[in-house]
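Asks: So TrEMBL lists the following for this protein:
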type	residues	note
TRANSMEM	47-76	transmembrane segment
TRANSMEM	83-104	transmembrane segment
TRANSMEM	124-144	transmembrane segment
TRANSMEM	151-175	transmembrane segment
TRANSMEM	187-208	transmembrane segment
TRANSMEM	220-240	transmembrane segment
TRANSMEM	252-269	transmembrane segment
Amino acid sequence: MESVGRHGHFGVGVSEPDVWVFPVVSCAANELNRIQKLVIVGEVANFAAYAFAPAILVTPLGALSVIVSAVLAHFVLDEKLHIFGVLGCVLCVVGSTSIVLHAPQEKNIESVKEVWDLATEPGFIAYSCVVIILVIVLVIQFAPRYGRTHLIVYVGICSLMGSLTVMAVKAVGIALKLTFSGMNQFVYAQTWFFTVVVITCCLFQLNYLNKALDTFNTAVISPVYYVMFTTLTIFASMIMFKDWSTQNASQIVTELCGFITILSGTFLLHMTKDMGNPVTTEPTRLTERELSNHH
């Protein structure tokens, strides 16, 4: 019998794991730190984008991160980008280009109080009340019963809260932009209210998003969440900031077509992402009874 205690499964000695374990752990930690820094930079840039551009433009362009991930996986991780992956990337680029070319202009806001006036109009208050009621019902009634069997429950909670998060993020972003330009907006209580809303909604949203990712396949969660979150965010922005009030019908239809094109590309990328990778099969281990049956 070959020893398996401080030795390998085939009798190879590994009595000094410190020699190889610590360099591997150190390299892994360095890579993790790099990834975390890139994620932080990306989120900061995404946060800043809401201060300078309408949400109807910024939110759909989040699909470009899917393209970057697919391309990096192709070159760095050697995950083959097959023909459907290329087609999905092309669809995302075409849809993003259509939205960018026909997106509405950002309104010139000179105080966070203007954002507060927009947020306290009857239309957006009604939308916020509907969202909060739906989230409460989903959390109390549906999540305990159907959360682990129907992905729409967790994803719905995240998407509904996400639409309010983006509106509050845009308000805080505008406040920061105006503050850096010399007009301090943090002397207003409204700025701190929007900040509290951002923190609260983000924590709530991340909690249920983690539950969804722990329960269901990421390849299914990602496109569904992107579709629901983006759709509700555009709807909320349309109500609060009236993004389409200065546009004609052809511009609105073109933006909708671009959005649908992005959705198609995103679904195609996620649903076919494993087609180009070789399937690895582990050798089957037979029991003694199965071996005796073969003989």
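Even glycines carry a Cβ here, placed using N, Cα and C.
Quantities reported herein were computed from a predicted structural model and do not represent experimental measurements.
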Asks: Please check if the transmembrane segment (124-144) comes into contact with the transmembrane segment (252-269), where contact means 3 or more CB pairs closer than 8 Å and the residues in each pair are separated by 6 or more positions.
Replies: no
Asks: Would you mind listing the long-range same-chain contacts of the transmembrane segment (252-269), meaning Cβ under 8 Å and 6+ residues beyond its ends?
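Replies: For the transmembrane segment (252-269), the sequence-distant neighbours (Cβ-Cβ under 8 Å, at least 6 residues beyond its ends) are 56, 60, 63, 66-67, 70, 84-85, 87-99, 101-103, 222-223, 226-227, 230, 234, 244.
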